[in-house]
Amino acid sequence: MHERCLPAAPNWYCSRCSDVSGAGLFGFGAKNIIYLIQVSLIYFYFCVVGELVGHRDLVSSFCFCPHTEQSHICVSSSCDGTVRFWDTETKGLLKEITTHQNPVSAVHWSPVDKNLVVSGDEKGVIVCHWFNTGDSSSFFPEPRTVFCLSCSPHAWNHVAVGYKDGMIVLVDVSKKGEVLHRLRGHDDEIHSVSWSTEPGESALCSRAEESEGGPGDVSTEGCFLASGSRDQTVRIWSTARGKAVMTLKLPYLKKRGSAVDPGVKERLWLNVHWPRGRGAQLISSCFSGELLLWDLLRSGKPKWTLFGSSSDAQGHNRIIFNTSSFVTSGQSLLLSTSMDREVKCWDMSSLELCWTLPALGGFVYCLSFSPLGSGTLALGVGDNMIRVWNTQSSNHYDTRSFWQGIKSKVTALAWHPQREGALAFGTDDGKVGIYDVFSSKPRYILKLSITISWSIGSSKGKPAYSLYSCAGEGTILQHDPYQLNSEAFNIDKLIKNSNNIQHKLSPHTDLNWKPDGKVVAIGNEDGCIDVYEAPSLRLLCSIQQHHKIINTLRWHHGLSPELGCLLASGSSNAIVYVHDLKHVLECPGDSAVVITEPFRRLSGHTAKITGLSWSHHHDDRLVTVCYDGTAQVWDVLQEAPVCNYRGHHGNLLCVDWSPVDPDVVWTGGKDFTVHEWRVSRQEFDKPPKGKKMVDLKEKRRKPKPRSPQDHQFFFFPSEVTSSLKKKKPRSMLPLSTSMDHRPKDELLQDCVTLASVTHNGELWMLRQGDHIHLGLFSDREALRRMFEAEEEGHLDAGHFESVVYLRLWSGDLQGALQLATERGELNDHLLSLAPMAGFSVWSGAVDAYVKQLCLQEQFLKAASHLLSLNKLHDAIDLLRSHKLYREAIVLVKARLPQDEPVLKELYQSWAAVLEKDGHFSAAAKCYLAAGSSFDAAKVVSRKNEASSLRAAAELARVSGETALSQSLSLRCAKELALSHDWSAAQDVLRTHDALLVSRIEISLYCFGEHFLSEEEVQTMEELWRAVSWVKDTGHFSIVQILNLTEFSSFPGKVGVFLRQNSSAPLSAAALSLQSFVHYLRLYERWWSFPVLNENGVTQNGTEQTDTEEHPDETAPDLGFDATILLCESTAAVQATQRAMNEIQDKLSVMVTKHRAQEQESEEQNGDTTHEQDTKMSQYQKELSELPDSIKSFPRPDVLECCLLLLHFGRSSPAVSDAVKRQSKDLLQQFGTTSRHQKVTQKFIIT
């Protein structure tokens, strides 16, 4: 329908609001519309081919189907909570999905599965949509705000989701949203995620020195994922390992002569894009609109290349939000959208700019063609910028933007009639200025205006060309364009003086000078149009045709003398009037003429008229724009419609006829677009019937009152909003009010009737229905009759609230409360009045209001009202019955004693609900408050993780639940052992002596599976204590349970530990632990190896086999180093300790006998007490001289081991001669006790 279109700017702060198909169709979301642009390889060639209209709110994400057979299908999401599928060929909606209950923030079409689309919303809900079947499934991996998401190009079920708090989650949608990895590293919101198009993780092998894992961590599985965050970093993640392998910090580049402040994060939106076929190259945005191409394999700095580096004018000048690429005919193109409201196309091979598509970020309030520049069109836009468009250039979108010094919406424009490039403008914040579009330097007049116009001639010595502005307060000011700072002249003073007017003039809303500059037409707020003659501004005529505010006026261009005096006007009454003022202008009279009939009436629009433009190529063609969303071309003389343009999607605000092409018209409006369209190609000839094109939502909105900041130009048909009256509240006395709006005769008769009642006492007349309303002017009885009639009327109309207030006013408070109770319309105001009727009435009203509030689910408010009646227990029961346990507990603790039984019941009930919902920590606190420590520990342990089990065990121990604490500690230790956290497992078990066996088991596993280091010395000492306890207590059955001897590598590990640790205590502990293990193995060998007697028969009665007769063939071996058990220093310590024990036994016997036979005991015993004490002191001295490490870490009994080895070696070659000889020497040296001497005698003799 249109030739060219300047579209609305792409939406800001959206992670994926634009995309391009493989066929080169580029789409982006702008407001609630999706614009489609066909991109070509030819430079400067592209065109807007259509729009997708249907969303009710901002488009948040957009994506094409990446599969060739469905490349014409696309999907979009919106803040209205919907996901929509579109057909770009028919521009129609295929289906709408309303699964989300919150604004949808991201959507993506899977590159692997042509039917899978994934979307996420602001509450963290992820939904999978199946396009072919219409099915959907949702899951909730994280309770965070989704900022972006992307489907993997290699695995259909893998989706990367970026959140607002900096978390990235990899989700498996085939397993109900199971989280594969949580990627932590960013500390601010994730703006974009992009998968590498190359499978595997071998592409960056040469950059392994920058990865966290090193070269050995490179995986052939998974895929790389890039993410951009507001923390100013780009991170490359390994999805196989779930961690970052590379971090890229954005460079601080200079832009527009100033350095970027890296601390200002508001300037940054970090978009990342991984182009297809470039596994080692990544594209990202930067601080001020730069595009960077990162070479991930490049060593050294910089690792990036700047797009458009050959010219500063090529790139964006504000932050970039979205990038997308496609390949066609072997050439790669990149498309980018930015905050500067431009879409740019880049050549990926040269990194140079191909073309730029400007876009608009606000209402198009005005447009105007220059009278001197052929085809130069100026646009005033609500994004605080002026665009000047060379519509005749070979570049179809050759525009320049002017924004310096403009701080508000540009609402008015006017070109200078003779000075080329001089453009007057007005803004919404009250400034008027003149721009030189060749130098880009504005000059300002700090006055308010809604309309400005250039005029020929002079007034009170003003220059030949003056600038007129119609201000927001309804005044018109005349300015000298060469002295902008001088005081402006209010022409209302001249109008009053010239026409001898004493009254206040109606506020002005628009003005338009006739092209010859001799006459000016001024539109007023009351709908009147005044025509004045210059320079005296004498009133020639007053046109009183319109009855609403005048929005726009336009004189005929005057190229035809017959029609040169036509004046077209548009107002808010949807009719365009054309008046022929030829007679008035050529033969003016002494007094002003009042015109009440138009020359032509143009009817068809259905809303207010906002713009007019005469065709310079036709004498009788006029185009009008309207709030019905259409532009209408008229044949004025025939009063006939020519064509109707319906290409816009909102109210139209401005129009201008092309000065170079008689078939072209330009229009702009509230849809943020400017359209160029041809009259001859339109389908319709009349405006639509009704308000088809009107935005109903905007119509319902209360218009903004007129203020001095509102602007409108005379040539610009913009909206001038009138102040609407506030909606009146419903009358309490509608019957009497309506009776006062009857015909005049009946109202006069009421006066006569009331006079009869007042002076003649005919009160019976007021009891009749026709005069009931006169009770307002009579006695109280008549007033009550009127109240009764008013109540009946309110009840019939369903206005029960009015009935209640009437009863209140009449003094029937109880009746008012009863009616409100019956209707369920009690409120706080009525309840506050209830005490006036007595306690019983108030109490009943409170009870009724409580029931009403419960039906309305306002339980807290209901409980508060029960407290006003001192019904504390009722309020508690009310809260508990609706599961408001927290509030009920607060109420009990604040109002009742601490030992109140209901408090414990509340805690237990709340704990049961919390436990059912999975809030175990909160449930445990409730159980503790209720005195149920056992239940508290059990509920904490339900999560069955190490931290929870440890807390539960500690809780049970502190509460005195020993058995439960031991059970939970053991479970916690096993969990920690499974995760190889041996130290923590020992800490948990150390608080329970009864769990010593479990400590031994964990120590053994730690020692058997992990190499001892300095950090694991504690584990080794724990194991030593456990093993020594087994030996000392004689619990050898524990050895079988723990299977100590299965650790064949134990001696070797201790040896390595001894070589690495030179500390005496650590070496002693290790050797002691090693000797105990050998001691236990010695006994194991003793019971398992056959021992021969003197007759060559085993102890079990069997004869020796051939194998046993030839030991050299299979010589048996002990399997350990027996010399570890034969430590001379340890034998000396043990001999000394045995001697000391014997002395202590003798002393004990001597003390016992001394009491009975003191002297006899001394004579019979050769050893006296003194001698025993001397020996004890000597032994203690010898013991103190030995090293502390030997005494702190004792070993098995050396003499016992000697006897075992000698006895075992008599019949088995497993014991070497050296070991036997060493054993005999130790027995002879330290076996001094009678018991040892007796046992070892036969071994020494033989």
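Yeah, the Cβs are placed from backbone N, Cα and C, and that goes for glycine too.
As the structure is a computational prediction, the values presented were derived from the model and not from experiment.
Per TrEMBL, the feature repeat 'WD' maps to 52-96 (among others). Long-range neighbours of the repeat 'WD' (52-96) within the same chain, counting only residues 6 or more positions beyond its ends whose Cβ lies under 8 Å from a Cβ of the stretch, are 11, 14-23, 25, 27-34, 36, 102-109, 111, 114, 117, 119, 121, 127, 129, 131, 134, 649.
Note: the domain 'Gem-associated protein 5 first beta-propeller' (99-197) comprises 3 helix, 50 strand, 46 coil (DSSP; helix = H, G, I, strand = E, B). Look at TrEMBL and you will find 99-197 tagged as domain 'Gem-associated protein 5 first beta-propeller'.
Taken from TrEMBL, the feature repeat 'WD' applies to 224-247 (among others). The helix, strand and coil residue counts that DSSP assigns across the repeat 'WD' (224-247) are 0 helix, 17 strand, 7 coil.
Annotation source TrEMBL lists repeat 'WD' at 357-399 (among others). Computed over the repeat 'WD' (357-399), the whole-number mean pLDDT of the model equals 91.
Annotated domain 'Gem-associated protein 5 second beta-propeller' per TrEMBL: 374-670, in sequence order.
Look at TrEMBL and you will find 602-636 (among others) tagged as repeat 'WD'. Sequence-distant contacts of the repeat 'WD' (602-636) (same chain, at least 6 residues past either end, Cβ-Cβ under 8 Å): 548, 551-554, 556-557, 559-560, 562-563, 566, 568-578, 642-646, 648-657, 659, 662, 665, 667, 669, 677, 679, 686-694, 716-719.
If you look up TrEMBL, you'll see 683-698 marked as compositional bias 'Basic and acidic residues'.
As annotated by TrEMBL, region 'Disordered' applies to 683-711 (among others).
Positions annotated as domain 'Gem-associated protein 5 TPR' by TrEMBL: 774-982.
Annotated region 'Disordered' per TrEMBL: 1153-1174 (among others), in sequence order.
Per TrEMBL, the feature domain 'Gem-associated protein 5 RBS' maps to 1175-1231.
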Practice task
Go ahead and report the DSSP secondary structure tallies for the repeat 'WD' (357-399): helix first, then strand, then coil.
Solution key: 0 helix, 22 strand, 21 coil
